Amino acid sequence: MSFDLRFTKGQGTGNDFVLFSDPEGDTELTPTQIAAVCDRRFGVGADGIIRAVRSSNLDDGAAALAEDPRATWFMDYWNADGNVAEMCGNGIRVFTKYLLDQGLAELHPGESMAVGTRAGVRTVTRNGEGFRADLGAWRLAGGEPLVRAKNLPVARPGLGIDVGNPHVVVALADDDELDGLDLAYLPILDPAPEAGANVEFVVPAEPLVEDGVGRIRMRVHERGSGETLSCGTGAVAAALAVRYWAGAGAPDDWRVQVPGGVLGVRVFQAEHGEHVMLSGPAELVFDGVLSLA
Ligand SMILES: N[C@@H](CCC[C@H](N)C(=O)O)C(=O)O
């Protein structure tokens with residue numbers, strides 16, 4: 001039996017998503033259907049799928065509501081390969097824009113919106129034309145695996161960082177090395193984290209800090225999606241790694257250039273410790289209807 005799926009295509013710095021609304025939580029797509037929708041030749045094409053579900057209608061949503069009763073909507077995120085992910089930094093801005101566009105939520109200037117995710121509740125506020133999301137606390141995690149990638153002459157040490165989902169950040173020597181990588185091939189991590197990882201390759205700009213803002217370039221191979229034009233949580237992990245390597249006196253504000261645009265990262269003191277904020281654009285591109293088997 002087939003059914004029609006009404007969707008909206010959205011993107012943030014070129015990280016693109018298929019979004020659909022399922023308030024009651026009765027349209028869970030199978031991994032095969034997700035991979036088919038995300039296929040760039042046979043489907044709509046996207047780096048991931050985001051289902052908007054009322055938190056009260058999902059098990060993970062109940063945890064979100066317990067954490068913050070304002071989190072009435074849950075961002076149910078799936079990678080293009082049909083596997084679930086805990087968090088998506090570009091996705092949460094596009095998700096917010098989608099809820100507003102569909103009339104499912106309101107967000108007045110100066111207010112914030114709480115969104116349920118598998119990594120916990122995250123709050124989003126308007127930021128000029130785009131949005132900024134408080135991605136909460138971060139931590140060093142996943143050790144320092146050796147990373148091999150196609151066209152990288154020798155393995156390099158990476159730094160494991162968890163921002164709700166897993167990342168490994170690798171510093172490269174210069175722009176030529178970054179541009180020469182072939183990220184169509186999966187980078188190999190040794191040891192390999194059990195749950196996999198998104199792998200970010202970074203190069204500092206010259207100078208690294210300008211007007212108090214740290215500046216880096218980044219490319220990413222996303223777990224479950226391959227090379228993408230941007231990864232929001234990846235940009236956060238990359239800025240945190242370079243800030244960590246730079247040591248005392250490193251800035252709290254970072255500008256991360258990715259192939260699809262520029263993202264802002266800010267480390268700040270929140271009520272219960274250090275948090276990290278991600279800012280950037282969010283756009284809805286088109287609506288469509290897909291017949292799914
Ligand atoms: N593109 C996202 C991250 C999406 C999930 C990631 N691929 C994972 O598996 O953790 C972002 O903008 O953060």
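Just so you know, glycine gets a Cβ as well, placed from its N, Cα and C.
Keep in mind that what you see is a predicted model, and the values were worked out from it rather than measured.
TrEMBL annotations:
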type: ACT_SITE; residues: C88; note: active site, proton donor
type: ACT_SITE; residues: C88; note: active site
type: ACT_SITE; residues: C231; note: active site, proton acceptor
type: BINDING; residues: N15, N79, G89, N90, N165, N198, E222, R223, G232, T233; note: substrate binding site
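Feature map: annotations from TrEMBL on the structure.
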| residue | record | Cβ within 10 Å |
| --- | --- | --- |
| N15 | substrate binding site | 31 |
| C88 | active site, proton donor | 30 |
| G89 | substrate binding site | 29 |
| N165 | substrate binding site | 26 |
| E222 | substrate binding site | 28 |
| C231 | active site, proton acceptor | 34 |
| G232 | substrate binding site | 28 |
Whose Cβ lies within 8 Å of the mean position of the Cβ atoms of N15, N79, G89, N90, N165, N198, E222, R223, G232, T233, the substrate site, other than those residues?
-> G48, A85, M87, C88, G91, V220, S225, T228, C231, G234
Length of the line joining the Cα atoms of G232 (substrate binding site) and C88 (active site, proton donor), in Å = 7
Helix, strand or coil at G232 (substrate binding site) [DSSP, three-state] | helix
Taking the residue listed as 'active site, proton donor' as the reference, which of N165, E222, C231 (the recorded positions) have a CA within 10 A of its CA?
-> N165, C231
Between E222 (substrate binding site) and C231 (active site, proton acceptor), find the distance joining the two CA atoms and give it rounded to the nearest Å.
-> 8
If one measures from the C-alpha of N165 (substrate binding site) to the C-alpha of the residue listed as 'active site, proton acceptor', what distance in angstrom results, rounded to a whole number?
-> 11
